[in-house]
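Below are the features I grabbed from TrEMBL:
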- 132-154: transmembrane segment (TRANSMEM)
- 166-184: transmembrane segment (TRANSMEM)
- 191-218: transmembrane segment (TRANSMEM)
- 256-280: transmembrane segment (TRANSMEM)
- 313-331: transmembrane segment (TRANSMEM)
- 351-374: transmembrane segment (TRANSMEM)
- 386-405: transmembrane segment (TRANSMEM)
- 411-435: transmembrane segment (TRANSMEM)
- 481-508: transmembrane segment (TRANSMEM)
Amino acid sequence: MLNQTKVITTWANHNVIGFDKKASFGSLLSHINACKDTHSLYNAPAFYSTSIHSPSSAWDMRCKKQTLALLETHVAGESVQHQPQRITQKELIMEITEIKLNMATTVAIAAVLIVIGEFLKKRISVLERFFIPSPVIGGLLFSIVSLIGYQTGAFKFAFYSDMQDFLLLVFFTTIGFMASFELLKKGGTAVMIFLAAAVIMVIIQNTVGTTLASALGIHPLIGLSAGSVSLTGGNGTSAAFGPLLEKAGAVGATPAAIASATWGLVFGCLIGGPVASRLLKRHKLDSSMVDTPSVPQNIETTSETKSTTTDTSLYAIILIALCIGVGYIITDPINIGLKAFSAFLTGVLGVKISIALPSYLLPMLVAVIVRNVIDAKNWTLPVAQFDIIGNVSLMFFLTMALMSMKLWELAGIAGPLVIILIVQTILMALFAYFITFRVMGKNYDAAVMSAGHCGFSLGATPNAMANMQSFTKANGPSLKAFFVVPLVGSLFIDPINAIIISLFMGFFS
């Protein structure tokens with residue numbers, strides 16, 4: 001579906017406010033120049049985007065304050081003393097064709113991009129050698145096309161995103177079905193060690209970010225927004241802490257954090273494979289070298305005829321659906337309790353604490369319980385189907401997430417922020433290579449977890465899973481890594497990260 005929208009941009013295409021055609025250009029223009037006259041708006045190295053849809057008669061009443069707030073609050077500047085030239089209506093107005101994609105077209109495009117990614121991976125040896133996930137290849141190509149369309153003013157895409165949440169639920173539920181009691185016994189210590197490594201990385205990210213920001217002449221809290229706020233934390237933490245950083249004096253922290261999170265999503269997927277590949281070759285690792293839990297008698301393998309039948313696949317889908325439903329139902333009341341507990345901790349400690357369970361965590365834990373009950377009863381378990389369904393769900397999720405990325409947000413990153421993010425990326429690769437690998441046992445599992453650590457400490461847990469999936473697909477399974485990494489990335493690291501961020505904020509405010 002095509003939709004013509006007006007877009008108002010500042011002189012450098014950094015700050016964008018979309019609004020209804022009927023709105024008054026002159027009214028908005030006067031707001032912008034009024035801000036500029038008071039030096040509230042200046043040459044911005046950051047990007048902010050929102051949509052305001054309201055009739056002309058309601059423009060002043062409903063949108064004036066919001067417009068001013070966006071221009072005042074979400075603009076990162078080089079210097080308040082810098083006074084840009086006034087903006088004219090001619091400089092501000094351009095037409096963009098918005099292409100709205102529904103669920104069917106979004107899924108279809110994602111499918112095509114996966115095929116393109118697989119094709120390019122087989123044809124370009126460097127992609128195969130460094131285990132770059134196919135969804136990353138296809139998704140990034142599409143996001144580059146979107147970037148070209150947006151920057152030229154020719155078109156932009158509006159994606160159907162609800163499907164991503166469901167795919168994530170399905171994927172993590174299938175991961176839960178892989179966690180046997182034997183794996184839980186062996187993986188408990190590994191979870192604590194990996195969590196310790198992740199916490200150390202959070203502290204390093206914030207220390208490096210604030211130190212480099214001070215050295216480069218920008219507010220230290222801008223460096224924090226390019227630290228664990230956006231990298232380990234991702235878009236959710238960026239949206240939560242960005243306004244708090246701005247209130248503490250870091251003008252433009254929100255767009256800086258959002259842009260940094262986009263950077264992390266891209267590079268978190270690009271460095272994990274090369275790190276694991278180098279470890280594999282240097283230490284001559286093999287998946288047969290790890291102590292893999294034995295397969296129980298009730299587990300159906302791909303060699304068994306029944307595993308390929310409709311009945312077995314339906315059995316797997318029913319189990320996944322039940323675990324998602326039960327887990328999803330109990331997530332909301334638990335999060336209500338955690339919200340109250342977070343408020344209590346915030347009052348006691350004097351720092352903002354926010355603890356909430358992601359929607360996919362409890363379905364995964366319910367699947368763990370169901371898996372071990374089935375093992376105890378010696379009932380059949382369609383693990384082969386779980387593996388297929390989980391892999392397909394992850395591929396589609398990651399493709400949709402990356403193809404909908406707004407790469408133009410990276411265009412707003414100022415020079416100092418680019419330097420900080422480059423250093424952060426290099427440090428993450430070095431930490432995973434030298435520290436994570438060693439503390440996790442210096443074996444094949446450790447190499448896989450190193451790839452995963454790059455994914456979620458720069459991007460998000462699904463990035464970590466994609467890195468590990470791409471690597472293990474070529475080199476053999478690692479049940480331990482697929483148990484440890486999602487637990488740390490989705491359950492433990494977020495509340496700890498929030499506490500550490502709050503402590504750094506208190507020190508630099």
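Cβ coordinates are placed from backbone N, Cα and C, and glycine is handled just like the others.
Because TrEMBL annotations are produced automatically, they should be read as predictions rather than curated entries.
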Decide whether the stretches the transmembrane segment (191-218) and the transmembrane segment (351-374) have at least 3 CB pairs under 8 angstroms, with pairs required to be 6 or more apart in sequence.
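By the criterion, they do not touch.
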Does the chain bring the transmembrane segment (166-184) near the transmembrane segment (411-435), so that three or more CB pairs sit under 8 Å (pairs 6 or more apart in sequence)?
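Contact between the transmembrane segment (166-184) and the transmembrane segment (411-435): absent.
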So, do the transmembrane segment (313-331) and the transmembrane segment (411-435) meet, by the test of 3 or more Cβ pairs under 8 Å (sequence gap 6 or more)?
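The transmembrane segment (411-435) and the transmembrane segment (313-331): touching, no.
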Tally Cβ pairs under 8 Å between the transmembrane segment (256-280) and each listed stretch (351-374, 411-435, 481-508), then give the stretch with the top tally.
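If we count Cβ pairs closer than 8 Å to the transmembrane segment (256-280), 411-435 scores highest.
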With Cβ-Cβ distances below 8 Å as the criterion, list the same-chain residues six or more beyond the ends of the transmembrane segment (481-508) that contact it, or say none.
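Apart from its flanks, the transmembrane segment (481-508) reaches 172, 175, 178-179, 183-184, 187, 190-191, 194-195, 198-199, 202-203, 206, 210, 220-221, 224, 227-229, 232-233, 237, 241, 244-245, 248, 350-358, 360-361, 364, 445, 448-449, 452-453, 456, 460-461, 464-465, 468, 472.
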What residues in the same chain, six or more past the boundaries of the transmembrane segment (411-435), come closer than 8 Å to it by Cβ-Cβ distance?
13-14, 44-47, 76, 78, 151, 197, 200-201, 204-205, 208-209, 212-213, 216-218, 222-223, 226-227, 231, 255-256, 259-260, 263-264, 267, 271-272, 274-275, 278-279, 450-451, 453-454, 457-458
